[in-house]
Amino acid sequence: MEATGTDEVDKLKTKFISAWNNMKYSWVLKTKTYFSRNSPVLLLGKCYHFKYEDEDKTLPAESGCTIEDHVIAGNVEEFRKDFISRIWLTYREEFPQIEGSALTTDCGWGCTLRTGQMLLAQGLILHFLGRAWTWPDALNIENSDSESWTSHTVKKFTASFEASLSGEREFKTPTISLKETIGKYSDDHEMRNEVYHRKIISWFGDSPLALFGLHQLIEYGKKSGKKAGDWYGPAVVAHILRKAVEEARHPDLQGITIYVAQDCTVYNSDVIDKQSASMTSDNADDKAVIILVPVRLGGERTNTDYLEFVKGILSLEYCVGIIGGKPKQSYYFAGFQDDSLIYMDPHYCQSFVDVSIKDFPLETFHCPSPKKMSFRKMDPSCTIGFYCRNVQDFKRASEEITKMLKFSSKEKYPLFTFVNGHSRDYDFTSTTTNEEDLFSEDEKKQLKRFSTEEFVLL
């Protein structure tokens, strides 16, 4: 009886936190963001310059866009469509209870897990759909209607679907391969893309069996001493994402892996080994890899000398974003203009959407408006992500990133490095992972160290 009373108190507490959180952040979501027409805007390796939106696609040299072979003029609508097409993952409420707790929301503590999900989602978008893909309905999302993004309206989206369900919901991730699903649409490119689009979002659903959903990520976090309701930092989330992808058994995910840099060092042979690992299918191609590099951009505060480095990273075609934020808040950084970073904010709490339902609503998984913040406000602790489709792509990326690191760094040493060979060649002990424990002892030590260094999340 006492336990029941405690659960009720916890539920009331979470409802209050969600309501307070939305009151705090909803005005931010609805506030207009202003962009200059005189400076280029970079979004995950694509350059837009609104000053030339009515002109030819070739920009003049003084425009500021210098990404070879990837320069586009792009008008405002093209930029909006590109931004809105990125997958937005936020706090949710009223989802199935997290095992071992009374929590049915991540409001107040799950923001870095959400920004990590957004980075991984962008990597999967590149893997399955490519950087040129945009959601056809992106511009149908209106940000001017202040009611559009309230929790009440989100419930309207799901109400019609709930009416079709009887009895207790079953939360499950479809096991049919994407290739099987889209087979009959092989001549319909748009249908193929839409199937992948929905499938990727479903992998991040807030149900226990969603491959990269909050419930699963928390389970992997338990192996490092984390639990639901704890604060997670960018480096810890990087390792959790790696484990989630490694453990995913979905046939469509056997061609991608994640590598997490050790002590700001990417060991080229270790990455290539992961990409060349035997695949479960008949496809003998190299695996794609998402490289995650946890770094600190200074001591207590971000060193402004790293501004050009961050801008250089976000200008690369290989970049899938940065898990970062400002003190007490985690954001997903996806671009910049001048000295301001462009980001997506996970702090707005939306209602649970059951992604196992056919044609579930997509609107709440796409952010209607970009936000900007000064680089000076950025917390120094962050994790940078890159995507490479195969071994050759990785080799090109490592060369290009190394050049960028040298040119953008005012420090004597680059923020991170690519080195030839394996980590074991540099006196790192290679530990075999216990089958009963997803994290090795070395990984646990790393995770505990990272968790004490990183900022507190709201």
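Placed from the backbone N, Cα and C atoms, the Cβ positions cover glycine too.
CYS111 (active site, nucleophile): 25 other CB atoms within 10 A of its CB, across all protein chains. As annotated by Swiss-Prot, active site, nucleophile applies to CYS111, with the evidence given as similarity to another entry.
Taken from Swiss-Prot, the feature active site covers ASP345 (among others).
The feature active site is assigned by Swiss-Prot to HIS347 (among others).
Summarising the annotation, Swiss-Prot assigns N-acetylmethionine to MET1.
What Swiss-Prot records for SER451 is phosphoserine, and it gives a large-scale study or a structure entry as the kind of evidence.
Positions annotated as phosphothreonine by Swiss-Prot: THR452.
Rounded to a whole number, the C-alpha distance linking CYS111 (active site, nucleophile) with HIS347 (active site) is 6 angstrom. Its own atom aside, the Cβ of ASP345 (active site) has 24 Cβ atoms within 10 angstroms in the protein chains shown.
A 10 Å cutoff on Cβ-Cβ distances gives HIS347 (active site) a total of 24 other Cβ atoms nearby, all chains included.
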